[in-house]
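Trainee: One structure follows; several queries about it will come next.
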């Protein structure tokens, strides 16, 4: 959503054309420099790298590449979390998110900006998939639906704070830096976040799984006597199944799985298209951009 304030609509005019009106947003052949209206935003990626007229498509391309990065991050970190556990890939994604987000603020050209934003998107996709899976595996089945909804609240609250950052930080560099630095707080998860007991059991690390579940049981004032024996039984059951490692193709193995997989993919495609399309287009609606984005984000928070 940050692209709304990184590349907001800016009125411009060709500085080479003396007959051009004040910020008439017209393109002229052989125009070498542009003059921008800085009354709302001091500097954006549009004004800094002249992403107007024949270069306007670069603004859209950078966001397309960003969304592609989220897809790549989901796939890469999803595989890593199955192989190396949920915790380490999540922390790696958080660290990459912090570094790429901060360095993006110091981009000197469009190519550097887009490349770093791609890495930022990969990290964002990684944090999304690993944190959600880890959360669901740490929570009991009774509360998963509720926690799954609560999990989405920080995303919407973050969306709601964007207009606040954008209002007080009218320079895209400072805006990008300000929304990236809070990722430092997530590094504390290194000391706070346990590994998924479910993954530990499937990996044959029974003792580690039992230790984590004992800590959780004590915090919830539950008995711990049977945890050791229960985890050992579960480990035996998992090893006896002797299943092959599942791949993405397993989702299309049977007709029912194929139908459900395609239905879910279609639903997510439509939901994503509508959500991101509407949310990002809000920046182009007439009126106050800060108010429009705040109202849009408030509605999304209310729907939860």
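Numbers run from 1 along the shown chain.
Cβ from N, Cα, C; glycine included.
TrEMBL does not curate its annotations; it predicts them automatically.
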Trainee: Please identify the range among 239-260, 261-282 that TrEMBL labels transmembrane segment.
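Mentor: My reading of TrEMBL: the transmembrane segment range is 261-282.
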Trainee: Select from 148-168, 211-231 the stretch of residues annotated by TrEMBL as transmembrane segment.
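Mentor: Checking TrEMBL against the ranges 148-168, 211-231, the transmembrane segment one is 148-168.
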Trainee: Determine which residues of the chain contact the transmembrane segment (261-282) at the Cβ level, with the cut-off under 8 Å and only residues 6 or more beyond its ends counted.
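Mentor: Residues 1, 3-4, 63, 67, 159, 251-252, 289, 292-293, 296, 300.
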Trainee: Could you tell me the mean pLDDT over the domain 'Major facilitator superfamily (MFS) profile' (1-304), as a whole number?
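Mentor: Summing pLDDT over the domain 'Major facilitator superfamily (MFS) profile' (1-304) and dividing by its length gives 87.
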Trainee: So which residues does the transmembrane segment (174-192) touch in its own chain, when a touch means Cβ under 8 Å and the partner is 6 or more beyond its ends?
Mentor: 2, 5-6, 90-91, 94-95, 97-98, 101-102, 104-105, 127, 162, 165-166
